[in-house]
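What Swiss-Prot says about this one:
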- 5-71: DNA-binding region (DNA_BIND)
- 84-98: compositional bias 'Basic residues' (COMPBIAS)
- 103-112: compositional bias 'Acidic residues' (COMPBIAS)
- Ser10: phosphoserine (MOD_RES)
- Tyr12: phosphotyrosine (MOD_RES)
- Ser103: phosphoserine (MOD_RES)
- Ser111: phosphoserine (MOD_RES)
- 72-112: region 'Disordered' (REGION)
Amino acid sequence: MSDKPKRPLSAYMLWLNSARESIKRENPGIKVTEVAKRGGELWRAMKDKSEWEAKAAKAKDDYDRAVKEFEANGGSSAANGGGAKKRAKPAKKVAKKSKKEESDEDDDDESE
């Protein structure tokens with residue numbers, strides 16, 4: 001299961017990975033969250049995203065090919081239960097009985 005190909009990065013993420021250092025250089029001491037925020041602003045303002053969209057499309061094609069190969073070699077698919085695992089729900093807590101209820105039950109036991 002660990003050999004399953006990872007999903008490809010979006011055009012934005014590909015661009016952000018390449019632009020991250022220059023954003024940090026322009027804004028020394030900037031927080032990671034602020035880098036992402038500034039990156040989002042720059043990405044929205046960018047006019048020509050075709051270079052990054054083409055890279056993302058190629059990455060998606062490579063991913064689709066790798067997934068087909070993975071499944072052809074016996075890898076599990078989502079239909080076979082290979083989807084995301086759900087967390088186990090915590091066990092429900094049993095309500096504690098009040099002292100009065102406990103003494104009432106004790107009385108019932110004694111009468112039998």
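The backbone N, Cα and C atoms fix where each Cβ goes, and this holds for glycine too.
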Return the average pLDDT for the DNA-binding region (5-71) as a whole number.
94
If H, G and I count as helix, E and B as strand, and all else as coil, what does DSSP give for Ser10 (phosphoserine)?
coil
DSSP residue counts for the DNA-binding region (5-71), split into helix, strand and coil:
52 helix, 0 strand, 15 coil
